[in-house]
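Novice: Residues annotated as Ca(2+) 1 binding site in Swiss-Prot: D27, D29, D31, K33, D38. Residues annotated as Ca(2+) 2 binding site in Swiss-Prot, with sequence analysis given as evidence: D65, N67, D69, E76. Summarising the annotation, Swiss-Prot assigns Ca(2+) 3 binding site to D106, D108, D110, R112, D117. The domain 'EF-hand 1' feature in Swiss-Prot is assigned to 22-49; the stated evidence is sequence analysis. Annotation source Swiss-Prot lists domain 'EF-hand 2' at 52-87. Per Swiss-Prot, the feature domain 'EF-hand 3' maps to 93-128; the stated evidence is sequence analysis.
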Amino acid sequence: MCPSGRIAIPITTTANPNFRPAFEIIDTDHDGKISSDDLRAFYAGIPSGENNDETMIGTMISVADANKDGFVEFDEFEKVLETTPFSRSGNGGDDGLMKDVFKVMDKDGDGRLSYGDLKSYMDSAGLAVTDDEIKSMIRLAGGDLNDGVSFDGLLKIFGC
């Protein structure tokens with residue numbers, strides 16, 4: 001235990017590649033760390049509007065920010081997700097976070113990610129992908145070009 005009464009959690013340097021895509025989506029300015037501005041921008045894409053509360057954003061940063069620099073680096077992000085029980089499978093991760101990612105990507109709110117949804121989001125996130133790569137993602141997720149990808153399919157794409 002630290003003198004402050006907090007428990008020290010060692011941060012590993014072995015990155016879990018399953019969390020990298022989620023981190024890159026939330027890191028909207030692509031500077032390698034998640035800031036309060038990144039979270040505001042991320043949650044602005046979710047139709048409910050309730051998730052951009054400043055107190056909640058501050059809490060999210062402070063919970064994950066192990067080195068107290070005001071940002072969440074990938075290793076800190078990874079540590080939070082690895083220690084949070086995955087409500088569906090127990091594999092480690094945050095189902096709620098992934099649902100938020102899904103909502104941001106689902107532009108028309110129909111509960112499925114279409115080819116257009118995936119292409120649009122990848123472009124807006126600065127991730128250069130070809131049409132064939134988008135089609136491969138849809139196939140990997142168990143979807144097709146007509147029906148798109150479900151939430152569970154998105155988890156397959158991210159390797160969760």
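All positions are counted from 1 along the displayed chain.
Any Cβ shown, glycine's included, is placed from N, Cα and C.
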Novice: For the recorded Ca(2+) 3 site formed by D106, D108, D110, R112, D117, which further same-chain residues have Cβ atoms within 8 Å of the site's Cβ center?
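Specialist: Result: M105, K107, G109, G111, L113, S114, G148.
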Novice: Could you check the binding-site residues D29, D65, D69, D108 and say which one's CB has the most other CB atoms within 10 Å?
Specialist: D65
Novice: Using a 10 Å cut-off between Cα atoms, which of these binding-site residues sit near D69 (Ca(2+) 2 binding site): D27, D29, D108, D110, D117?
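Specialist: Passing the 10 Å Cα cut: none.
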Novice: Taking only the binding-site residues D29, D31, K33, N67, E76, which one has a CA atom nearest to the CA atom of D117 (Ca(2+) 3 binding site)?
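Specialist: It is D29, whose Cα lies nearest.
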Novice: Cα of D27 (Ca(2+) 1 binding site) to Cα of N67 (Ca(2+) 2 binding site): how many Å, rounded?
Specialist: 18
Novice: Based on DSSP, name the secondary structure state of D69 (Ca(2+) 2 binding site): helix, strand or coil.
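Specialist: The residue in question, D69 (Ca(2+) 2 binding site), is coil (DSSP, three-state).
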Novice: On a count of neighbouring CB atoms within 10 A, which of the binding-site residues D106, D117 is highest?
Specialist: D106
